[in-house]
Structures are given as C-alpha cells and as structure tokens.
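> Right, I'll just put the structure down here and ask away after.
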Amino acid sequence: MNFSSFLTSLGTSFVIFIVLMLLFAWLSSKPGNSVIYYPNRILKGLDLYEGGSRTRNPFAWIHEAMSSTEQEVISASGYDTAVYFVFLSTVLGILVLSGLVLLPVLLPVAATDEGVKIASTTSNGTFNDLDKLAMGNVKENSSRLWAFLLATYWVSFVTYFLLWKAYKHVSGLRADALMSPEVRAEQFAILVRDIPPVPEGQTKKEQVDSYFKRIYPESFYRSMVVTDNKVVNKIWEELEGCKKKLARAEAVYAQSKKTGKPEGARPTNRIGFLGLIGKKVDSIEYYNEKINELTPKLESEQKETLREKQLDAALVFFSSRVAAASAAQSLHAQMVDKWTVTDAPEFRQMIWTNLKIKYFQRQKYLPFLKPIVDLDAIKTVLEAYLPQLALIIFLALLPKFLYSLSKAEGIPSESHVVRAASGKYFYFVVLNVFIGVTVGGTLFSTFKTIQKDPNSLPDLLAAGLPLNATFFLTFVALRFFVGYGLELSRIVPLIIFHLKRKYLCKTEAEVKEAWLPGDLKYGTRFPGDMLIVTIVLCYSVIAPIIIPFGVVYFGLGWLILRNQALKVYVPAYESYGRMWPHMHTRILAALILYQLTMVGYFGVKKFFYGPPLLLLAIVLSLIFGYVCSKKFYRFFRDTALEVACRDLKEIPNMEQVFRSYIPPSLSSDKIEDDQFEDALSQVSRSTSFV
C-alpha cells in the first residue's frame, strides 16, 4: 500500500466516523429513540439527561463521560464494567508513556539514517514515506540500533509499572465490593459438588445437612440439593410462553375495538407447526385453556422433581459471610473428588446443567476434535478453504463456538465460562489473525510451523512484521473510526427496534424486550482490544508511528464506552472484577510476544547485542508475572476473611437468601409453604436442622 492509498483509507474512515457521530447527536435527541440511547437510565428511573433538560449541547455527552467518576460507573454498570475501564486506561497509559519517549527519539534516529537505499524489509516490499520513519530504515549492525534496544526496555518497564499499579487498584475495588454492608446472597452460600453416595437410611438432604452441621455447628443454616430440572423447565417455559401469547392476543383484541367495529375481532391462530398449519382456533380461549392445563401439570412436576430428581450437588447456606468464605476455600474430604466445595456464583450466573458433571469428567478440551482434524480429507478441506472464509464466517461464529466449548468443561458459572471463552478467543485471534497475517501463511500452516519448531516464532515475526506495517495501521484506524462510530450511533439496534415495534410488538412487555440492550459483552470485546494491544506493542519500536493510532483507539474507546456504560448497557451478572487477572495475564503475554519479535528483528538487523540482552527482558516479564500471580491472584479466587468479616448494614434475612436460589421453574405461589418446604428438604420439620 503506497502513502496516498494509506491517506485515502484513513480519510475515508474518519469521514465515516464524523457522519456516524453527527447521526448519534441527532438521533439521540429524538424522544422516540430514548430507549435505544438511554435504556440504563430509564430502567433505573433516572432523568435521561443530566440536569433533566433536553435543550442542551448535542455533544454534552463527551463532557459527561470525561467527568464521570469510577463510582458512577460502578453504580450504573457494576464492578466488572469498572474493571474493564481500568484495562482501557492502563493500556492507554502504557501507550502514552511509551510514545512520549519513542516518538521524539526513534523517529529522528530512523529518518536520518542512510538505510533507505538498501532497505528490503519494507511495507509490502516497496519503500514509501512511512518506512523512512521505521526501524527498517536503519542500516544493519548500526550503532543507532542501541536506541531501539533501550526503547524496547522502556516499553517493558512502563508496562510492568502500570500493570502493577492496576492490579493493586482492582484488588482494592474487589475488596470494596466484598466488604459492602449490603446483603448479597452469594456471600452466604457455597456450592458443593461430587457428593458421595447416600448412606442407607438417609436422604441426600439429610446427608448434606448432617455433614456440614457437624463441621460448622454454629454457622450452618441449611442446604438446598440441586435437582434435574429439564422436564420442569420445559413445562414452565411452555406455560410462560402461553401467558405471553395470551397477553399479546388480548392486546390485539383490544386494539381491534379501537380501529374496527366496536365489538372488535377476536384473534385466531393455527395450532400446527410454527402456527402455519393445523386447526384454526380462538387465540384467547386456546391460551387460557393451555394455561389451565399446564398449571397443575407444573405443580405436579415440581413436587416430583424436588423429591425424585436430586443430583450429587447442593448449595449450602451459612449465617455469616466469614463462615461461607472460609468453607469455600477449605478442603473438606480426604479425596479431592468427594465433597468438592467452591464459592457459590450469583443465582443469575448459575449453569445448573453443569453441576452434575463429575470431578474427572470436567475436561478443559474436547478430545474428539483432534481425530477429526487429523483425518486427511478433513485436513485438506480446512487448509484449502478455511483461510479464505475464516475472517468472513468463522470469526463471526467463533465467540459462540468457544463459549459452547467452555461451557462443556463443566464450569458452574456464567462469568467463569465467559472468562474461559475469552481466553480461547484471545489466543486464537492473536495466533491466527495477527501472526497468520504477519507471516502470510494460512491459519493452519502457521500453527504447524510453530508447533514443529517453537524457536522459529521470533524469526517468522521478524521477517513478516515490517511487510505489513501499513496494513495494520489502516486496520487499527478502521477499528476505532468505523467500529466505535457504529458503537456510539447504535444504528443497527435502532433500526431493529423500530422494525420490531412497528410490525411485531403488541404488548408493553414485547416492546421492552425489543429495546433491552444487554450487557457490555466484554468477554468478546476484550479479545478484540487485545488484538490491537498486541499489534501496537509489536510495532511500537519497529514502526513507532503506530503508537498514536493505538492511543486514539483506546482513548476513543474509553470515551465512547464510558457513555455507553453510563447510559446504555445493563450488566447481566457481577463477578466483582474476577476478569482482571486474565486481562493482566494477556497484556503480559502480548508484551512477551513483542519482546520475542524484537529478539528476531534485532537478529535480522545483525545487531548481535540485541537478542541476548532482550532474553533478559523476557525473563523479567516471566518473573513479573509470577510475582503478580503469587501476590494478588489468590484474592481473586478466594475471598479474604478480613474482607468477609466487615459488618453488614442489617441482619440478613436468611430465608430470603435461601429462597433467592430457588429456580423460577420450582417456585410456586399456589403450593402451601409447608408442603413446598418439605419437598425441598425432603425431611419432616421435626428432624430438620432449620
């Protein structure tokens, strides 16, 4: 790509961003669009605009985002979102501090060298104006390369300093969250899996109660045995679906009275496949009959599920946070595959179907994939076609596919699955998109080469990186101008909402469902950000001109996503910053990849002092990661008892805590409380520990 093409691409992306930003300023001021641009504030019952006035500067959101505090982000979108902004600001700080030294020092050093006449490792094989500002313009074995070597260390030390500072800050945020005086049900519960066979003469509930009552006689409250809810969930979902369809039919009927004859037109539907075939019936009568039929069926299945479909897992509740925190990090049985105990996830995070998976069945990979990929025919197809289709189709489907793989590992909570899937996504994107594009090979040939000879990675990167400098410059620019422009303008959600409201939604519940924004989805957003971090770090010394592009990407991302966190997105769960150790590790992995790249590139430049001196930097990175892991990580896995012992604002209602974990499909308003309690505990009140 020549310089004029680069400027054209950059200019086009910038114009698109300006257009999208103006669209946002115009569309967000329209009353009918407020549910798209301010759903978070609407759900919290707040004024759409700060100060309550609609007559304001259309770009006031910039000031509001920049002046917002971390506590305001936590109040609006939770601690996990606040931690994501710590990630953004940390990376931004790394790039800014790096750029303050690298840009004024390395650009003149590279531009004033005479290597331009003999350079051969330039962008796309042809020398252009940008290459004169890169390390490729410096002659082999030149003394000027010392400046690039010292710059590599500068970037490394800046990264160590800011990562350490961020880890301490996030650890403090997590402590603040867990020390909150508010009662949070998950802080009084533990998850128990791998319950051994029930002794003769006992029920599973009695077994669990007696086991934990013996160990924690003062603080044990009660237990809830996990059940197989597949059938009851199906009936409950069918019943809820009928209630929604009944509400829709009644809304259609009421609307027909206003627009047609006074008596209205009763809605009808067919009861066959997808409502397209079969007998035509009166919708209101039909769904009323279905509800009356399903309600007693659900109540009967609830009782049977609670009595007959118990699994080898349970939730155990304690009367104090300290007891629950202590139990969650203690070894309870001599054998690790019996009475496995962890902290309980939030109810909304629970993946109930995974709780029955046994200790040795909880795998971290799917072994059946390897023989499939190893088949010659399959391998030929993958290698022939996957490189061309990957970025179009495969990468679009990849997040959900990796989510499914992570869920298959038997992980019990949503946030843990997201962390696991995010890690897989990061390594795939870095190895296949970044390294694959850099080396210029196919997705699988890159893996093969590195697998056969891991030591070839630095040489592959060193040879490939300079050839793609302008490609990655335009890639980063496209990501922040077009990507964040679409994020801010929310054109796609806006169009989808208005189409649904006009043609599909008949009730207020359906309208609300159409505009609910969901959460920030940082599980898939973060790996994309890490791809940019990796690109910018790896090019920071080779082509320092990329640093301002990285600064704009993360600065613009911080600003726009700050607005979205305060006004748009609604968190689906809260893990109190447990994603941070994974963020920290992946930033460090990007730094080590950058250092490996520089080892190879200094070798290409025949600057023989570089590789051995940079090996020391890699060792320092590994030591730094080890120290951080030992010092900080344990608190993100287990709750510190000094944190759990803080006083609560009020005495917790333990019955309310207990009932907050009852799945909706097992809740019932019609069953007598005593009967339902017996079904849950499966013991009489005279023998219950409660």
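Even glycines carry a Cβ here, placed using N, Cα and C.
TrEMBL labels come from automatic prediction, so no person has curated them.
Per TrEMBL, domain 'CSC1/OSCA1-like N-terminal transmembrane' is recorded for 5-165. Marked as domain 'CSC1/OSCA1-like cytosolic' by TrEMBL: 187-354. Residues annotated as domain 'CSC1/OSCA1-like 7TM region' in TrEMBL: 363-602. Taken from TrEMBL, the feature transmembrane segment applies to 6-27, 82-107, 145-164, 385-405, 425-447, 459-482, 530-561, 587-604, 610-628.
Can you tell me where each of these features sits in this structure?
Panel annotation: around the transmembrane segment (82-107), residues 70, 73-74, 133, 135, 147-148, 151, 154-155, 158-159, 162-163, 165-166, 169-170, 173, 520, 522, 525-526, 529, 533, 536, 540-541, 544-545, 547-548, 550-551, 554-555, 557-558, 561-562, 565, 577, 579-580, 583, 587 of the same chain, lying at least six beyond its termini, place a Cβ under 8 Å from a Cβ of the stretch.
Residues of the same chain lying 6 or more positions beyond the ends of the transmembrane segment (145-164) and with a Cβ under 8 Å from any Cβ of it are 90, 93-94, 97-98, 101-102, 105-106, 109, 135, 138, 537, 540-541, 544, 584, 587-588, 591, 594-595, 598, 602, 605, 607, 609-610, 613-614, 617, 620-621, 624, 628.
When Cβ-Cβ distances below 8 Å are used as the criterion, the transmembrane segment (530-561) is approached by residues 62, 65-66, 84-85, 88-89, 91-92, 95-96, 98-99, 102-103, 106-107, 130, 133-136, 148, 151-152, 155, 426, 429-430, 433-434, 461, 465-466, 469, 472-473, 475-477, 479-480, 484, 487-488, 520, 586-587, 590-591, 593-594, 597-598, 601 of the same chain, each at least six residues removed from its ends.
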> Take the transmembrane segment (610-628) and find every residue of the same chain, 6 or more past its ends, with a Cβ under 8 Å from one of its Cβ atoms.
145, 149, 152-153, 156, 160, 163-164, 167, 584-585, 588, 591-592, 595-596, 598-599, 602-603
> Where else in the chain does the transmembrane segment (6-27) make close Cβ contacts, counting only residues six or more beyond its ends and a cut-off under 8 Å?
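That would be 33, 37, 58-59, 128, 130, 470, 473-474, 477-478, 481-482, 484-486, 488-491, 494.
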